[in-house]
Structures are given as structure tokens and as C-alpha cells.
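Participant: Following this message is one structure expressed as C-alpha cells.
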């Protein structure tokens, strides 16, 4: 299911003295089946943008097309419930939204709310908890007895149980240790590959954006600043830094090595493995250049 923004603008508290423009002139598409990352400095419009992906917010100008559904400025949209089943959103710290007595009831809440029978919802809960790498035995336990990482996986299972076509992730690894972050990101990538899920990731982690995303959208002051593959986007390193966007650690090391040893590494290096390989290649070719004094 493709999602397209056409000249989208969003203003909070529209037509009041407190009106504030959060998005403007946003033109971007997320074709079905892809893995995308949205990056940008705090306040660049990322969170406002993703709330348009399933109608939580509606544009004050322009149109958002979600599959065959058009959400346009000035039109009161009704029956958005089916849309929110197709586009599942995992907000920051989703475990804070857990509330039921058992893990099973929490995961079943979404499917039941969409009219699924109790028996079918329980089956979806069993499938979803295995998708997020947890044992079915946890279904009978209180979610509040689990570890923080387990609680987050339960909350994600609740979204997956609704079988969305698009999975939107807003800083999904925030607050987790490095091991937990890596496990969760690998889980999302596996779901993307095995289930054909379209994934839209909002992140401040440039390593994750570079590693997983096929296309990266850079937001700045409410509009799209850059869009392209990781190689294309991070080739604009100086411009990104000027607008407050961090760079992958490998690019920072690349610069430091070039300056320290007076060598030129022409290829973009988006992981430490790539950087190591490129440094070895340059040195084998006698890539040392005399440092200017």
C-alpha cells in the first residue's frame, strides 16, 4: 500500500492566534514494500509527518493518499478506523500504553476493537508474541511483571496482531541498551523481509538509518530537505551537519583518518566494516598523500 504526500502543510491550532506551522510543501512517496527512514533535527516535523500516515492528523493544505484513500485539507474525514488497521504506529515508549491484566488481553485489545472474535483474537495474540521473539507462556502473565524490553515487545505485538500493511516506528529503540536496540532492529528487518511489511522508521540513530533503510527522507524546518539512498543522503555530510543532523560514526571516523594520515577515501563508508575495507584498499594502492604543512 503506497503512501503519498502531495504539497502537504499542517498547522497546529489552525486559524487561531496561536497558529503554528509544523509542515509545509511536503512532497514524498513511500511505495509499498519498502523500508524507509525519516531523519532530522528535533522539531523538524518528523513526528507531525508520521501522524498523517494513518489520519491521526489531517493536512491543513494538500493531500495525503494512503492506498486508495485520499485525505485532503478542508474535508471532514470519516471511517478512519479501517485505515488505522492497515497502518500500525508504534510510538516512543509504547510499553507505557499497556493496561490490561494479562499480556494476552493487551495484545487482543486491538483485533477485538476491530471486530475480530475472541477466539480469533487469541490466535492472533499467540502468533504476534512469537513474531516479537517472546514465549507464548508469557500470555497468561501480567505485562507489568515483565522486563522493560519484554514490555516493549508486547506493545509491538499488539500492533502486529492487527496485521498492518505498513508499520510506522517512532524511535522504537529509545531507552534500550545496545543489545536490546540491535535485537529490536533486527526483528523489524526480519518482519519487513518475511512478511513484506512496509516499514517507516523515525530515528536519531544514523547507523540504523544507513543500515536498514532503502530510502532516507531528511526533514528540516517542516519540509523535505533531502531524499535518496543512504549513500546519496550521507554524501551531503557538510549540509547535514549544518542543519543539525548527525552522521554515522563510520563517516566521522573516515574524516578523522583522512585528516590524520593524509589519505583520501573516495567511497562513502556507512558502516565500520565498510570503512575498514576501504582503508585497507587505499593503503594497498599506496593511497598516502603527503599532508600539507
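The backbone N, Cα and C atoms fix where each Cβ goes, glycine too.
According to Swiss-Prot, the record shows the following:
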DOMAIN    3-246  domain 'ABC transporter'
BINDING   40, 41, 42, 43, 44, 45, 46, 47  ATP binding site
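Structural setting of the listed features?
Facilitator: Under DSSP, residue 45 (ATP binding site) is assigned to coil, being neither helix nor strand in the three-state scheme.
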Participant: List the residues in the vicinity of the ATP site, defined as same-chain residues other than 40, 41, 42, 43, 44, 45, 46, 47 with C-beta within 8 angstroms of the site's C-beta centre.
Facilitator: 219, 220
Participant: Which has the fewest other Cβ atoms within 10 Å: 40, 43, 45, the binding-site residues listed?
Facilitator: 43
Participant: Among 42, 44, 47, the binding-site residues in question, whose Cβ has the most other Cβ atoms within 10 Å in this structure?
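Facilitator: Buried the deepest by this measure is 44.
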Participant: Give me the non-local Cβ neighbours of residue 41 (ATP binding site): same chain, 6+ apart in sequence, Cβ-Cβ under 8 Å, ordered along the sequence.
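Facilitator: Result: 220, 243, 244, 245.
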Participant: At a 10 Å cut-off from the C-beta of residue 46 (ATP binding site), count the other C-beta atoms across all protein chains.
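Facilitator: For residue 46 (ATP binding site), the 10 Å Cβ neighbour count is 22.
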